[in-house]
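Novice: Sharing a structure, written as structure tokens. Questions coming.
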There are 2 protein chains.
Amino acid sequence: MPQTTRAQQRERTRRTLLDVSRELFASQGYAAVGLAEIVEAADVTKGALYHHFASKAALFRAVLTEVQEEVGERVAAAAEERKDPWERLAAGCQEFITAATHPDIQRIMLIDGPAVLGWHEWRAMDESSSARHLAEELGDLVERGVIAPQPVIPLAHLLSGAMNEAALWLAASGSPDDLADTRAALSRMLGALRVH
Amino acid sequence: MPQTTRAQQRERTRRTLLDVSRELFASQGYAAVGLAEIVEAADVTKGALYHHFASKAALFRAVLTEVQEEVGERVAAAAEERKDPWERLAAGCQEFITAATHPDIQRIMLIDGPAVLGWHEWRAMDESSSARHLAEELGDLVERGVIAPQPVIPLAHLLSGAMNEAALWLAASGSPDDLADTRAALSRMLGALRVH
DNA sequence: TTGGTTGACATACCAGCGGTATGCCAAGAA
DNA sequence: TTCTTGGCATACCGCTGGTATGTCAACCAA
């Protein structure tokens, strides 16, 4: 009887690598952390790392995927608590700001993501997580006549970019007023979309 | 009599390095272009490069500074053509979108900038060029009562982020309709700020 | 004019990084 | 029990950013 099954061992190593990398990437940035540092912290060797991931960038991609899924779930959960479609959008946006304000999530998701993987791939990944929710909610609101009929994709990009930048700024800002002010400004922005 | 004065030669080499680096960084991205490639294209040696710039990152910083100043001037010029304060804001924003849609400017200014220098330094640099214009115009409009009184800094960040993301998306988008749609959406966004 | 000084590079070199080829040993299959 | 295979470990390599040192022309003083 083996002490640990192969699948167990495999998953265990992979998880450790992902967790350790996420911590290091988040705290120091992708470029500043070497593979040596990662494998040491994970208590494995480079051979193990390359057995699980094709490259350093591939490891980062896996980490980024998890981070984005996590944020996406938080946003979706916040939205689904509300019944009113309009409030779903607002709640989702505010939750995104909250989640993306954590410095760890930021560095990986908003700073290094586009630079390491290229903007196109980053956008595609974002699309399949949090950004899609946004576009869907907006489309829903257009159909219901809550906001004026208009192309929903450009609007989603404008809002997404606004929230990303706001989150980055908020994480660096010391004043607690800034969070409230930003939320208010975002609310005004969203509110302006409604048909009066 | 010397063929070329020292100051001339110095400036000449520096300019060549900046121009060559800008091209390479823009087309391939910061991480993908090596110093060897730069010095070869500039027809100098690494010694020359390190005589002018303290590091690869410092070289990038110098390039980024020039790019940002260029964009800032374009935005300011577009704004100053108009007399009406509101139209100044609108024209400046639209001009920014136009300028930042060029893939070369993007890669340096919006993708690699934050990742290479860190978001804080990038923000500080952006602040001293195009972003400050935005905040100033917004402040002016609040004073004149054209837009509702509100903290202007968070608003500037939201708008700035929205435009950055929009420019990135537009550069990748094939459809020419997208540009018009985005301009329209941005106009609606800005228009919503006005007191009615 | 000339000797010495300085500045603008060129050359040679190095540590460390991402990446790879190979070896090893236990878990699973037969 | 034997054989195969998967999950690593070890040893190694090329290349990159960075540095220490050498060199020669521009500049300056006498």
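Cβ atoms here come from the backbone N, Cα and C positions, even for glycine.
Small disclaimer: the values here were computed from a predicted structure and weren't measured.
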Novice: Ranges B:34-53, B:154-173: which does TrEMBL label DNA-binding region?
Specialist: B:34-53
Novice: Restricting to the same chain and to residues at least six past its boundaries, which positions have a Cβ under 8 Å from a Cβ of the DNA-binding region (B:34-53)?
Specialist: 10, 13-14, 16-17, 20-21, 23-24, 59, 62
